[in-house]
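Taking it in order: structure first as structure tokens, then the write-up.
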Amino acid sequence: MTEKEYTKIPTKELEHDPEPNPVLPKYGYGVRHLQAFLAFLTLAFAYLARAHLGVTIVAMTNEIENNTLYNHTEPTIQAVLNNTEVNLESSEWNIYRTYRWPKSTQEIALSSFFMGYFIMTFLSGIICQKWGGKIPLQIAMLVNGVVSILSPWAIAWGDWKALAACRVIQGLSQGGMLPGIHTLLANWVPLSERGSLSSYVYTGSGFGTVIGFQFSGLLAYSRFGWPSTFWAVGLLCLFGFTLFSIFGSATPGDHKTISEEEKNYIIGRSGEGTQTQPSVPWKTILTSKHVLANFVSHIGNVLCFTFYFMQVPTYMFAILKVNIRNSGLLSSLPYIFFMMMSMLSGNISDALINKKVMTTKSVRRLANTIASTIPAISLCLVSYTENVNLALMCFVIALGAQAVMHSGWIRPAREALMDERVNYIDLSPNYSGVLMAVGNGLANLAVLVLPVMVSNIVTDVTNQVQWRITLFIMAGITLLTNIVFVIFISTDVQPWNEVKHEAEDATQKS
């Protein structure tokens, strides 16, 4: 069987086939599982590089608790005039020193990543559409690794502006991460396995955040100081780059050692319709109310998710009085529950849909409402307590509920819980990578507004009333975006998904 013969298997027949070919699911573990594991690792390392600064910056700007290799002493003017030797290891040039950055400056540093991320997301969708997902993942790992390792020296030289520049570069390189993962799984995972494998792969985001929060707190409080968090992140990203370069592949057809049996199994049941990439119908996509509703929901949920790992460590330190070491540990606990719920919710959704308890559209509406309403209530409640245990329980419940949405990033309609990113595949299997890139880009553009809002409202990080206003605003955003999505959701493949292919078929027949 040739590659062209694989591409002729129609998407719609697969979607309406209640019972897939019973012979195909018998194929066991293979190269596709290795690719899924590599995707999990790269996503974890990417989120590790993205999230660790939320804890690290607390240590960078906290002189009292930052226990470093050297004591920080400023060289005095008198010492310079007297030509007294100044030890650079204990001077302002010391990479281990702390900084007196106001909250507004810290927010600029934290949000700089998303500025670069937004710039590259649209272009990355086109890159993935044409060349697959491997190259964007390699670029992300390599650039993040090198920049992370060099960051402490850059910051010592250029202060917060250098940190912001480093984060912009890292954001630029990570712009292709999620579209790349999305494209890889679409190419590598058969329809019958996409529910489980995609759940495990996308728990990498939660896993990376957990590790980032935990070891950032521990390393920043150790004798090696906060720079060690940048070095550890850099080494792990370079490790991910090496692994993916050696063992990763964009498609089954590009892999050198995959068996013909597994290749046929993957391509024959991919459900993506074609491997020939058509031109993108931009006007139709950007005027579709179903697509726009997905974008709105995507924005709301990325804002909420980003708020957690950017602001919760500071909230725990300033309001709940948790020290830096424990702040990282406690801030990571909600993400542990997030990972557990991601995998559990996938199984629940499969049962609800496969046993016909609920329709696909109903399951999606229900799950999106759960993933929006419960976090909104939890955010409101946490703003009224200074009890660490109660606040932590609220954060755990909030992220656990939101995992119902994040669990199904790439699963098809009949296998997934409601998630606007899953719905991209429902609407258009052929353009799902592009839809993901555009939605992700718009969401991360909105993220740039988040630090501006927080820094203008929270002028005193120890003022709980100011934090309460911010938390209520975030709750309102997630509720409103859910309403828009629930009203305009569709799980039907859109007509523009197949327009190009129908034209090609007509040409071939003539």
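Each Cβ is built from the backbone N, Cα and C atoms, and glycine gets one as well.
Curation does not apply to TrEMBL; its annotations are automatic.
The domain 'Major facilitator superfamily (MFS) profile' annotation in TrEMBL covers 42-494.
The transmembrane segment feature in TrEMBL is assigned to 36-60 (among others).
Taken from TrEMBL, the feature transmembrane segment covers 108-128 (among others). Below 8 angstroms of C-beta separation, residues 50, 53-54, 57, 101, 135-136, 160, 163-165, 167-176, 179-180, 182-183, 280, 306, 310, 433-434, 436-438, 440-441, 444-445, 447-448, 450-452 of the same chain, each at least six residues beyond the ends of the transmembrane segment (108-128), sit close to that stretch.
Residues annotated as transmembrane segment in TrEMBL: 135-156 (among others). Beyond the transmembrane segment (135-156), the same-chain residues lying 6 or more positions past its ends with a Cβ under 8 Å from any Cβ of the stretch are 39, 42, 45-46, 49, 93-95, 97, 99, 124, 127-128, 162-163, 165-166, 169-170, 172-177, 179-181, 184, 226-227, 230-231, 233-238, 240-241, 244-245, 248, 250.
Annotation comment: TrEMBL describes 200-222 (among others) as transmembrane segment.
The feature transmembrane segment is assigned by TrEMBL to 228-247 (among others).
Annotation comment: TrEMBL describes 291-312 (among others) as transmembrane segment.
Marked as transmembrane segment by TrEMBL: 332-353 (among others).
TrEMBL lists 390-410 (among others) with the feature transmembrane segment.
Annotation source TrEMBL lists transmembrane segment at 431-453 (among others).
Summarising the annotation, TrEMBL assigns transmembrane segment to 465-489 (among others).
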Short question: most Cβ pairs under 8 Å with the transmembrane segment (200-222), which of 36-60, 228-247, 291-312, 431-453?
36-60
Can you work out which residues elsewhere in the same chain, 6+ from the ends of the transmembrane segment (431-453), have a Cβ less than 8 Å from its Cβ atoms?
107-108, 110-111, 114-115, 117-118, 121-122, 124-126, 128-129, 175, 178-179, 182-183, 186, 280-281, 285, 291, 294-295, 298-299, 301-303, 306-307, 310, 410, 420-421, 424-425, 470, 473, 497
Mind checking which residues of the chain, 6+ beyond the ends of the transmembrane segment (228-247), have their Cβ under 8 Å from one of its Cβ atoms?
34, 38, 41-42, 45-46, 48-49, 52, 55-56, 134, 137-138, 141-142, 144-152, 212, 215-216, 219-220, 222
